[in-house]
Amino acid sequence: MYVLKRLELRNIMSHFNTSIDFREGFTAIVGRNGAGKSTILEAILFSITPHQAPRRSSMISENSSRGEIYLALQSSEGRLLELRNKLIRRGGGTNTEAAIITLEGRRIASKPTGYKEEIHKILGLRGLPNPASYIEKAIIISQGGLQTLAEILSEPKELRDLLDAALGYALLKQAISNIGDVVLGVSPDGSPVKLGSKSITRLQSGYMTLRNEVLGVDREIREASKRLEELEREREELERRARDLESEAKALQSEIGKLETMEEMLVNVTSMIRSERSKLDTINTRLRYAESKISSIDDLEKRRAELRAKASLAHEVAELARLQSRLDKLGRDLEMIRDAVEKLEVSRRLKEIESARREAENRLLEARSSIKEEQRRYTLLDYRVTRGRSIVTNIRRVLSECRSKDLCGSEKPESVLERLDAVINDLESKARALDQEASALEAEARRLVQALSMLEESGGSARCPVCGAELPPGRAEAIARHYRHEAERLRKAAKEKAAEAEKARAEASRLQDKRRRIELLLSRLNQLEEGLRELGFQTPEDLAKAEQKLRMLRERLEELRKLENSLEEKVRNLSREEVALREAKTRALEVLQRLGIKEEEAREKLKTLSSESKKLERMLVSKAEDLATRLGITAYRSLDDLLEKAREALEGVDKELSAIERRLEEARRLKEEAAKLKWEAEQVMKRLEELEAEEKKLRKEVSRKSEIEARLKEVQNTLAELDDRISRIDREMGELQTRIREMKSRKASGEEALKLYLPAAASRRIMEEIGEIAYRRLLAVLEDEMNDILSRFNLDVAGVEIREKAAREIEVKAIGGNGAYRPLEAVSGGERTVLALSFVLALNKAVGGKLGFLALDEPTANLDEDRRRSLVEVLRGISVEGLVRQLVVVTHHEDVRDYADTICLVTRTQQGSRVECTY
């Protein structure tokens, strides 16, 4: 039998991270409405049904996309069964992402598809038609479930339906009905053979009818076989004639094949003639083209001479480019010398810049020294002020907490402490006095109980417990009632005194807590004031003065930092300018050194190079104009443009010369090709004459083909007629064979049905008798188990009787203490609830499942105090008597805690539901 071991919930409704360890015995899950108690049972139900829960579509917590339920169960032998379901929110509902079953550390299911079958097999529920419904009615009972079950016990038809579901009787009835619907075979007329719901006489009549049909089919098979043999003989004669005609057709087809080969040869010869004629035309075309090209050789040689004259100007273009390159280099040297001379002029301000930079750096060092000193003073004062502010804030917070309404209020803390000491002493004295009074009342009650025992044990000769005199029976009973009533009153008074004492001690404990809080606040206040004095502040006014001085230091620091920034910027600018001047002078000297010019000769060298550049430029312009005239270039933008156009013109001349050379070479080649083409044309003409003679011969042979084809067609038509006749015979034979096979199949099916008919009828009768026996056995077991459970409680209902009425309805009668029957409607509501509980326990034992726990959701809801106390006492008795290994009750009534072995308190906070268990 499996009981609950551990439950873990991750993001399940209001439970974000909940773990509960269950133990055997009576477990009470207590909490206010909406705290999340019922979610615990819903999660257990979801794990073992499987995946059935009242609010499955919203089981995952809000603002969460995934959730997880882990349930561990332990068997009587100590085997651990672990069920883990991982949920995911998808669309508008909740889907099971993974469903894992682990037994003794071995995984036996990991997908939702295999989860259901495995959990039913492990928990012994595979024989039930609807295990989920059974668990919800008899294992995990929702709010109002016991009352509903008590009402079902009074309704014979509904009770029958419930027992049918638990026993699986509906499946047995369906199995019996299925035997009647099973097709045992097919009769020879094609109708299915079934038992249905026929009587024995009708079943025997049906058997004889089926046997006669089988014999009739056997006669039809013999007649069809005789006709099939006649058709086979006729078919053999037709096939012999067809073979003779096929031999003649093959000879004709062979002759036609030879003629078709000749036709192909004729086509090939014709194609070769066309090919040779096309080849001759191509040769003539190429010959005419070659002759036209040969005629243009003289014009090409004249044009080649003109182009060679222009190509000789390439040397002058190269000379002009060289002069331009020399002029460009001279211009670059002039530019470099001119730039170096200008930079040397500017670098004369270098000493002035160096002096200004050193002065700015000295001022910057002085400013940084002042900033460092002021920063040190500011940091020390800022630390003292910050610590002082924090201490003053804490002092105010402590004073505010101390002056709160539930501590000191407007009184001084010392006065409140003195008053609390007095009140606590009074409450403790009062509690001791009340304890003494309660003990005295308990002792008096025990004395009365002892006297009552003496009266009851004395039997017929009762004596007065005070004087020992013999009492008449009526007087003895009156005294016993008086003692019993007085003892009950004294016990009640003792409990009230004990409750008052406990209340006084609780109040004293609360006041002691309040006193300790005030003492802690006073100690904290003294520590804070001492810390303020250690910082050098005797009063808050000293702190305000320090804050004003701190602001002045901050303003002074800001002014010094602004001065520092301006001086740093000035130093950077002067340094950059100094570096730039030094670099300019260095670069100028490097340029002059690279050109081999001394610093003092730079100006004179600049004038000399300028004069040389102008002279070279005039020479270059003269040569460029002459070249443009000879090449025919009329317009150009610059010397570079002229050189580019001259190079393009010379490239065009070179290309045209190359093309002319190629054309001249081609013309010489064409002269040789023309002679070759004339010879090829003569050879093609000879081959044409030979092919035309062969074509004439082939056409004469091919003309015989039409006569042979006519005879072949005649033979083929005769063969087609024979094939058609053979096909008709084959179809008729096929139909006969099919019909014979069908009749044999019908005969075999009928014979098979005859073999199964009588055994199936006997099986149906046996199953009907087994169902009735099992049902009567279940009712007897339920009655015995319920009476055994009820005998353990002191109830007005001593037992029950369960009987089957007409129309298969179940009636439950209550048996009073005097042995008289009582209808369930006359039984009190509390006793009907106990009957429902005993029915659930008896049904679980009769079904034989492997779940050893019972869970009830709010069973005490809508009950008055007396009925609630009675029900809880019964639940406690069920646990103590061992009628169920583990009883879990979810309720919002706090008084249930006094009866439970394990108490789990469920509370709801902003962070979700919390569960704290006391064992």
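From the backbone N, Cα and C atoms, a Cβ is placed for every residue, glycine too.
Of the residues Gln143, Gln147, Swiss-Prot places Gln143 in the same ATP site as Asn33, Gly34, Ala35, Gly36, Lys37, Ser38, Thr39. The stretch that Swiss-Prot tags with coiled coil, taken from the ranges 541-595, 816-870, is 541-595.
Your range for coiled coil, going by Swiss-Prot and the list 96-125, 486-515, 876-905, is 486-515. Between the coiled coil (541-595) and the coiled coil (208-268), fewer than three CB pairs separated by 6 or more residues in sequence fall under 8 Å, so the two stretches do not touch. Long-range Cβ contacts of the coiled coil (414-458) within its own chain (Cβ-Cβ under 8 Å, at least 6 residues beyond either end) map to 407-408, 465, 476, 479-480, 483-484, 486-487, 490-491, 493-495, 497-498, 500-502, 504-505, 507-508, 511-512, 514-515, 518-519. In the structure shown, across all protein chains, Ser38 is the one of the binding-site residues Asn33, Ser38, Gln143 with the greatest number of other Cβ atoms within 10 Å. For the domain 'Zinc-hook' (417-516), DSSP puts the residue distribution at 85 helix, 2 strand, 13 coil.
All protein chains included, Thr39 (ATP binding site) registers 21 other Cβ atoms within 10 Å of its own Cβ. The Cβ of Gly34 has fewer other Cβ atoms within 10 Å than any other of the binding-site residues Gly34, Gly36. Least packed by the Cβ count within 10 Å, out of the binding-site residues Ala35, Lys37, is Ala35. According to DSSP, Ala35 (ATP binding site) sits in a coil region rather than a helix or strand.
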